[in-house]
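Quick look at what TrEMBL lists:
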ACT_SITE  221  active site, proton donor
ACT_SITE  365  active site
DISULFID  436-479  disulfide bond
ACT_SITE  493  active site, proton donor
ACT_SITE  534  active site
BINDING   621  Ca(2+) binding site
Ligand code: DMJ
C-alpha cells in the first residue's frame, strides 16, 4: 500500500499567507506574475503598457491616503497598541518604503464565521429555554448513572464489575471493588449524596483490607482507576483545600491514607525492575512485582502513571512517588523514536522499546496523552524543567500528521491509521475506538484548556496549535461518524477506513442513510462496544474549547443510543456484542469506566462550562480530575 500525502501538506489550509497582510505592491506584482497579463506582456502593445502604467499610478495615489486598517495590522503584528494608527501619514517616501517592506506576520485570529458560531448552529440558542433543555438532558445522564449504580449495588457491590444480565459481580481487575472507586468522584460531581455515602462507606470499611490481602493487579489499571479515583475523591471532598462537593463520607485524609498504602505497594513495580521501566504487575499482599509472561510492558502503561504519582507526592509531601514515575518519562525521552512516535512495547529488562508496531490505539494511546497532561500539571511548579515533555508531545503530533493521518474515500473522513510493521512498512487504515481520545488531547494541547476564543484574543495560539485544533475537529467528526454509521448508533471497538488502497465490501455499519456508510468498514470480530468513553471525552473537551454546540448535540445522540440499546431493566448497562445488528446482543458486562468516564464526560458536556474548568484541572486517563497546582 502506498502512503498518501501527509495530512499537514495535503489538507490543512492554515497557510500563513491567510493571516498575513499582503502589501499592495505584492498584490500588484503577484497579479502580474500569475494572470493572463504576464503571458500577454511578452507581446504587449504600447496601449496595454500604458494601461499598466495607469494602474500602477492609481495604486500610488491610493497609498497617499490614510489606511487605518493597515496601521492597525502593523500594531498587532508588533504586539503593541499604539496611537500611530490614527496619525495622518503624509510622507510619500515612507509609503514607498512600505511598498517594499516584507509583510508582517500576524497572530492567528478568529474568522467572522467562527466568532458567531454559537449563535447560528441550531438557530435556537438565543431562545431562553436552550440552557434549560441542556439541564434536562444533563438530568437524564444523572438518572442513567443512578440506574447503573443501583444495578451494581444490588448485584455486585464490592466486586470489580457488574454482569448486568446475569445479575452477578465479577472481579476482573484484582478485586479492589474497582467500580466503587471509579464511580465515586462522578457521584460527587453529580451531587448524588446517597451514592457518595454508599461508595465512601464501602471504601472506608473494606478497601484497605482488600489492598492488604489481594494478589496480582495490573500496575496501570490499578493506578488510573483506583489510585486516581481515591486522589480525586480526596480533592473533591475538601482535601488540600480542595472543593467540598461531597456532603457525606469520610474525611479527605482517609482517602489519602488508603491511596498511600496502595501506592507504596505499587512502587515495587518500579523498585524491583532492573531499569527505570516498571514491571507490569504487582502482587499487593507482599509488595512483589513481576513482568508480564512475555517479559514486556506496554508503552502506554508505563507512561500513564505520572499524573497520579505526582499529585500523590504533592499532597503527601513525600517525593518518592513522583520521583519514580518521572524517571520513566525522563528515560523515554532518551530513546530513539520515529518522528516522535514510539513502538507499543517496552522491556523493563533492557529499558528499550520492543518491536516496531506503532499505533495510537491500545498500548500506545495514553503515552501521547500524558506527555501533554503531565506538562500541563507541572509547568507552573518550580520542581524542574519539564519543557521536554511539551517538545516530545509536539514532535509526536507532527509525526502523527506526517505518518499516520489519511482521508477515507469517497467522503473524506480524516482518520489515524497504524504502522503494524514499523515506519518503513505499510499504513493500515485501522482505527481503534481508543484513538478517539486524541482529538480531545490535541485540543487541550492547543489552547491549554482555555477556550479557543480566549486563547486567540490573548494571542496564545501558534499556527501549529491551530493546525492541531483543526485536526482535533476533523477527528472528532470521524469518531462521531463511527457511531452514526451503525444500525444502533453506537461505535464498534475497531473501524477500518476505505481508501484507494484498501476496500472490503459487505462490511458496513448497517445505517444505509449515513453519508459515510461506504467509508467505514467494520469487520465481524470488531463489532462489539464496551461502553467506552473516548469519543464523548473528546466531545466534552472540544465543546469546552470551541463552544460549538454541535458537539453537545452529537453527545446527546450517542447518549440516546446507549439508553436505547445498552440499558438493562433490572439495573446497570451492558456492553454489546454487535453494534450493527438491531437489537444488539448484550455482552453482559458493565465496565467500570462507564461510570467513571463515559457518564461523567456526558454530564459535564451538557452542564455549565465553569464546572471543572480545563485550565484548572487535568483529567487522568480514567477521567479523574486532579487540580493543577501552581508554584
Ligand atoms: C480506560 O480505562 C482509560 O481511558 C484508558 O486510558 C483506556 N481504556 C479505558 C477506556 O476505554
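Glycine is no exception: its Cβ is also placed from the backbone N, Cα and C atoms.
Curation plays no part in TrEMBL annotations; they are all automatic predictions.
Features as recorded by TrEMBL, highlighted on the structure.
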{"residue": "221", "record": "active site, proton donor", "Cβ neighbours (10 Å)": "20"}
{"residue": "365", "record": "active site", "Cβ neighbours (10 Å)": "25"}
{"residue": "436", "record": "disulfide bond", "Cβ neighbours (10 Å)": "29"}
{"residue": "479", "record": "disulfide bond", "Cβ neighbours (10 Å)": "30"}
{"residue": "493", "record": "active site, proton donor", "Cβ neighbours (10 Å)": "21"}
{"residue": "534", "record": "active site", "Cβ neighbours (10 Å)": "25"}
{"residue": "621", "record": "Ca(2+) binding site", "Cβ neighbours (10 Å)": "27"}
* Asked: What's the CA to CA span in angstrom from the residue listed as 'Ca(2+) binding site' over to residue 493 (active site, proton donor)?
  -> 18
* Asked: Between residue 479 (disulfide bond) and residue 534 (active site), what is the CA-CA distance rounded to a whole number of Å?
  -> 9
* Asked: Of the recorded positions 221, 436, 479, 493, 621, which ones put their CB under 6 Å from ligand 1?
  -> 621
* Spatial neighbour of residue 436 (disulfide bond) that is closest, considering only the active-site residues 221, 493, 534 and their CA atoms -> 534
* Based on Cα distances to residue 221 (active site, proton donor), point out the closest of the active-site residues 365, 493, 534. => 365
* How big is the gap, in Å, between the Cα of residue 534 (active site) and that of residue 365 (active site), rounded to a whole number? -> 11
* Structure fact -> Cα-Cα, residue 365 (active site) versus residue 493 (active site, proton donor), nearest Å, comes out at 14
